[in-house]
Amino acid sequence: MATVIPSPLSLGEDFYREAIEHCRSYNARLCAERSLRLPFLDSQTGVAQNNCYIWMEKTHRGPGLAPGQIYTYPARCWRKKRRLNILEDPRLRPCEYKIDCEAPLKKEGGLPEGPVLEALLCAETGEKKVELKEEETIMDCQKQQLLEFPHDLEVEDLEEDIPRRKNRARGKAYGIGGLRKRQDTASLEDRDKPYVCDICGKRYKNRPGLSYHYTHTHLAEEEGEEHTERHALPFHRKNNHKQFYKELAWVPEAQRKHTAKKAPDGTVIPNGYCDFCLGGSKKTGCPEDLISCADCGRSGHPSCLQFTVNMTAAVRTYRWQCIECKSCSLCGTSENDDQLLFCDDCDRGYHMYCLSPPMAEPPEGSWSCHLCLRHLKEKASAYITLT
């Protein structure tokens, strides 16, 4: 069934006029908004749409100028671009003469006299002051942005030339983003690795890592240089190491054999606690006999050292050495520790090139030395692995 639309006249004349007024004001606001809009890119046609100025009002109509033309509308208002102010005084023109500073100014020269000359000089000094102020404000803004500006720019903007005075050298400014990123990475590295080597500047996450770095890098270099080139080693460098060790209250591994507590008969006094669990025996929870190093005196539980039953019984039959004091049982040296091969039954160390026949690569699985093979025979770890 069709809907019956009531006539506007039946609603009243006041209501009709109010509706027309609302419609007119809405159209006026819409047209004003469209005229003030910036051009936008149409995604379908790729054209930058802008106000077309084709909508005119009755007040814009004019009489026709050509035959058969009823109305004419005014063209779009042309706006002149702003340009530099042209000097009105014809005498205020650029100077075309070379000025000799030593010679006195001639009245017949190209420079004008009186108030015009004063105006030229004042304008020239004023322009220089304005340029200097602009340069100072630019530099201040750039410094402030480098310190406080929050957002990051591309890394490609790291180096940009800054305009300076004509007689000064050109400098380079660092982009805000690159400097900020480098500061962030540096602060993150400082936070993650707070322990710094005072000689080479290398960073570590914990103090044991820094101590290991000192011992195996700088201390070894110093000991080698003391024997070969004693005069080439700076004195303050050795003092830095000694001061660091005193503050740390830590003895390097290379000096532990000399500073270990010794009995009157010359034997090393072992520690009375486990260096791994500090006496708690966390792995088994039961009391265990400590195994002590014959060189440095450090001790450990067999369970903390991950020793097998055969290994625990074998280490008590000879002068056992911890992993840091370990040396080759054949040649007696601790050099080339990367070539040391450890027995899985007695924990003795052997250089692979000291064995007979020598080995080029470590064997796969368990390995037993010739002493354990002779003593344990079929109970050796090497036989168990093969079977």
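Cβ coordinates are placed from backbone N, Cα and C, and glycine is handled just like the others.
As the structure is a computational prediction, the values presented were derived from the model and not from experiment.
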### Message
Can you identify, from 121-171, 325-375, the stretch that Swiss-Prot calls zinc finger?
### Response
325-375
### Summary
When Swiss-Prot is consulted, the range among 75-98, 195-218, 219-242 described as zinc finger turns out to be 195-218
### Task
Pick the one among the binding-site residues Cys274, Cys277, Cys293, Cys322, Cys328 whose Cβ has the fewest other Cβ atoms within 10 Å in this structure.
Cys277
#### Entry: Largest tally of Cβ atoms lying within 10 Å of a Cβ, found at which of the binding-site residues Cys296, Cys304, Cys331, Cys354
Cys296
### Summary
Min neighbour Cβ count (10 Å) across binding-site residues His301, His351 flags His351
### Task
Would you mind reading off the Cα separation of Cys328 (Zn(2+) 3 binding site) from Cys322 (Zn(2+) 2 binding site), to the nearest angstrom?
12
### Message
When you rank Cys277, Cys304, Cys354 by Cα distance to Cys322 (Zn(2+) 2 binding site), which of the binding-site residues ends up on top as the closest?
### Response
Cys304
### Task
Sort the binding-site residues Cys293, Cys296, Cys331, His351, Cys354 by C-alpha distance from Cys304 (Zn(2+) 1 binding site) and give me just the closest.
Cys293
### Message
Just to verify a number: CA distance, Cys296 (Zn(2+) 2 binding site) to Cys277 (Zn(2+) 1 binding site), in angstrom, no decimals.
### Response
18
